[in-house]
Amino acid sequence: MRFHFEPLAENVYLSEDGSKVFIIDQTLLPNVSKVIALQTAEEIYEAIFQLRVRGAPAIGICAGYGMFVLAQQIRTEDPQEFLTQFRKYKEYLNSSRPTAVNLSWALTRMEGVVTANLSRPVEEIVRLLGEEAVKIQQEDIQMCRAISEYGLSLIHDGDGILTHCNAGPLATSRYGTALGPLFLGKERGMNFRVFADETRPLLQGARLTSYELQKGGLDVTLICDNMASIVMKNGWINACFVGCDRVAANGDAANKIGTSGVAILAKHYGIPFYVLGPTSTIDLSCKTGDDIEIELRNPDEIRSKFYQEPMALPEVKCYNPAFDVTDHTLISGIVTEHGVCRAPYEQSLAALFEKAI
Ligand code: MRU
């Protein structure tokens, strides 16, 4: 089978012949910017699990391309047998990280291409899978742009913005979600003072957000997570912008661990707190945040990762949830590619899906 793709200038993209997924290895940033190739199911799983590719939309894009790459490795002419093997890869990749719904969303979308075309030859199904994977990324580019526009309408030139974790271009395509309005505003000659929480324990804020903003020429100040309160108290923050990994039907939003603490502080200081993300991150099958599975990660990320020497005894117990859920009552608005949803979220999110269909 021969394919030809024009590689998009993105942090996740397909090789020209469609046989590999390329990603920027985000674990090496900010010191080394290196592109790595993923070809086997194990490599794709490992890259998602270890956060070489991370951020809900980027994980979805990688999974879409990954399934296309793996589909080409299935050796059968029988569409039904192809589906059986395709589903094994799908389930395997889906088990790499549980919280970001974009992973299962993209995998299910790819599976839908197979089930809808079982009457066609396998070769044709594989070609359609390639088209779908490219579409997922192209839609993400448009989605980020639309979210950036809506987000920008909520802030003013000169504002101070606090963000947590990384929801910028590295986590998506092009503009990003939570950082998108800031990059778009910059393009239009606006200036913001951005405060980036370093985001323990994996330091996405320090390693990725401050890197992206600094390189983009924005005014960014890196703070430790426990400094969010003082910068708010100082009057330096006009709004908080964060991304999301899964939003429940009632507006409860899962995002990187520590996000809910930022939202509680923002409420205390009377600062609007916005969650920015695509409709693909909204999971109406979760009624509330209690239905969202929270990923638990290796305790060594707290004890020793990033330190020259361990900072706790190896036998010390650690609790390392990768995400928390921000209660919908703390959220001033959920910014999607179709507009800004406000409370009551049951109604506004349901209406959003009706509009999107
Ligand atoms: O564990 P990570 O780094 O994948 O967590 C990422 C986040 O929490 C982001 O804020 C979220 O995925 C939104 S990315 C646009």
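Count begins at 1; order follows the chain as displayed.
Glycine too: its Cβ is placed from the backbone N, Cα and C atoms.
Curation does not apply to TrEMBL; its annotations are automatic.
Fair warning: this is a prediction, and the values are worked out from it, not measured in the lab.
Annotated active site, proton donor per TrEMBL: Asp245, in sequence order. When secondary structure is read from DSSP and collapsed to three states, Asp245 (active site, proton donor) falls in the coil class. Under 8 Å, Cβ to Cβ, and six or more positions away along its own chain, Asp245 (active site, proton donor) finds Ala56, Thr99, Ala100, Val101, Asn102, Ala254, Asn255, Lys256, Thr281, Phe323.
Taken from TrEMBL, the feature substrate binding site applies to Arg54, Gly55, Ala56, Arg97, Gln204, Asn255, Lys256. Within 10 Å of the Cβ of Lys256 (substrate binding site) there are 27 other Cβ atoms, across all protein chains. Secondary structure at Lys256 (substrate binding site), taken from DSSP and collapsed to helix, strand or coil, is strand.
Residues or ranges marked as site 'Transition state stabilizer' in TrEMBL: Cys165. Within 10 Å of the C-beta of Cys165 (site 'Transition state stabilizer') we count 29 further C-beta atoms, all protein chains included.
The Cβ of Arg97 has fewer other Cβ atoms within 10 Å than any other of the binding-site residues Ala56, Arg97. Distance between Cα atoms for Gly55 (substrate binding site) and Cys165 (site 'Transition state stabilizer'): 9 Å, as a whole number. Within 10 Å of the Cβ of Arg54 (substrate binding site) there are 25 other Cβ atoms, across all protein chains. Residues from the binding-site residues list (Arg54, Gly55, Arg97) with a C-beta closer than 6 Å to any atom of ligand 1: Arg54, Gly55. Long-range Cβ neighbours of Gln204 (substrate binding site) (same chain, at least 6 residues apart, Cβ-Cβ under 8 Å): Arg54, Cys165, Asn166, Lys256.
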